Amino acid sequence: MRGRSGNRVSFRTTALLLYGLLAASPAIAQEMTTSLVDIHQGSPLSDRARGLGDGGYELQNGSRVSFNQWYRASWVDMHVDLLTQITEDTGILWGFGTGEEGEKYRIEPSLKLGFLTQMHPSANSTFSLSLTATIGGNLTEKPCEANYGDLGTYSVNCRLAASEMAPEETLKYLVNAKPESQHLWLNYRVTF
Amino acid sequence: MRKSSRSEIGDRPSWFLFERSKSMSGSCLKFGIATALTILSASMASAQEAVNADEMAALCHGGGLSTCVSATIPAAGTQAVQGWMSPDVGAAWAAGYKGKGVTITIVDDFSSTSRFSGNFGVGVQTQRHGEWTREEASMIAPFATIRSKDFSTSSAVSLAPGLNVLNLSYGMYAKAGYRLNQIGWSPEEASIISYATKGTAVVSKAAGNDAVAVGGVTGGQQDYLDLALVGKASAIFVGALSTNGTTSNKAQLAWYSNYAGSNTLVQSHFLVVGVTGDKTGLYGTSFAAPIISGYAAIIGSKFTKATATQITNDLLNTARTDTLVNYSAAVYGKGEASLSRALAPVAIK
């Protein structure tokens, strides 16, 4: 279960809720019920984007540029995970992420799709498996336009504009990251 | 005509290293050499292909070569930020760009028998003036290609492909009062002045150690090379501060250093840097100019398409005045060179 991290807010009931749903009365499975499994704000990529905001440098006139202004968002990526139960022992996991955007980065919206199934090797044991895939949700860092006076104006990595690196070289270090695209979850439970 | 150098003057202590000077005499004022040397455009090697200092000396003398190949630079391999360097240098190295792709040509004494001792943080060494200035520049910009040009040869200085920086830790002294158009320059200085005029090489010129304004008269003599470089597009006069300045611990001009003076053309091309002789045992604006040469190389390794004039202007326009005691353009010119600011944008969005 993911805990709170930074400004991430989690309202999840996560796996325990999943268990509860699937272990519930067989009558529930007769209906196509959809349950909220998890809702939270923030993600590892959100945290990474926020981390890009650490630091800064001085411009030629000595004024300070803080990266923080470029890597903060008014809305933090929210993820909603749902479970639609199909049979007593199977369900479809699905959900979405809203994405987020700062001045110099973007996390695109995402969709999550997968399934959950369980079997009972014995009367008092349950084996569960879920597999989910995520589409979208990539983190893309945007370049800045740096004016070096007589030396010209370049498209640069905002964070490396004052380094010794050639302006065009800094673009190689723009962050392009993907979220966890597939997630496999296995669980075996014995009740005694 | 004769060519000489003066490494010690008057009652100044022997550890005080004056910029090397090539004295001129004779009525026609042609800067030349009495003992003619064969002028060869010998190929120059990079610092990485260095031979040792003694081998280099042999190359300088043997066969009358006008150009010495680069020699052993003991400190270059260490690539450590030394106490005498500005903190800017360490920060500048962080990304691994240290002057690569830029050629610094040290025009200096690589052939005389005059040697003196100092310590750039890699142990006490005893070497010639040019070997010292070359070592210093290579320590600031360790990935730059370093060339050595013996100034006793008077042959024209050739340029390498890419950005060139010329380090001049010497002066051309003669009796004061001549006009520049009376001077017949040797091919060596003529080429340097031409490069500074056309902006084809950054020319880092030691301001001088007579505590007068650049180009001023001292002992009845003037540095005509200073005068010839005034107003040139890519020339920088470099004075010495006694320390590296900070806003909380401001630096002042070293007692010996020439200053910018009232000529605005000099002021606008005059920089100062810390020469911490208390740490190295080496004093003089001779050791200020190689710092600017190294800075120019580092900037050139970032802005690989920049011209020498653009690099020069970048250094001049980003100099700091808030790190200096009682800043005045007549003393400090544009101010203390700031590598970190020279590498930073004017604006970013």
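For all residues, glycine too, the Cβ spot is worked out from N, Cα and C.
Look at TrEMBL and you will find B:ASP108 (among others) tagged as active site, charge relay system. According to DSSP, B:ASP108 (active site, charge relay system) is assigned to a strand segment.
Look at TrEMBL and you will find B:HIS129 (among others) tagged as active site, charge relay system.
Summarising the annotation, TrEMBL assigns domain 'Peptidase S8/S53' to B:149-333.
According to DSSP, B:SER286 (active site, charge relay system) sits within a helical segment. Under the heading active site, charge relay system, TrEMBL lists B:SER286 (among others).
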Model confidence over the domain 'Peptidase S8/S53' (B:149-333) (mean pLDDT, whole number): 95
Per-residue Cβ crowding (10 Å cut-off), top of active-site residues B:HIS129, B:SER286: B:SER286
Alpha-carbon spacing, B:ASP108 (active site, charge relay system) to B:HIS129 (active site, charge relay system), which is rounded to whole Å: 7
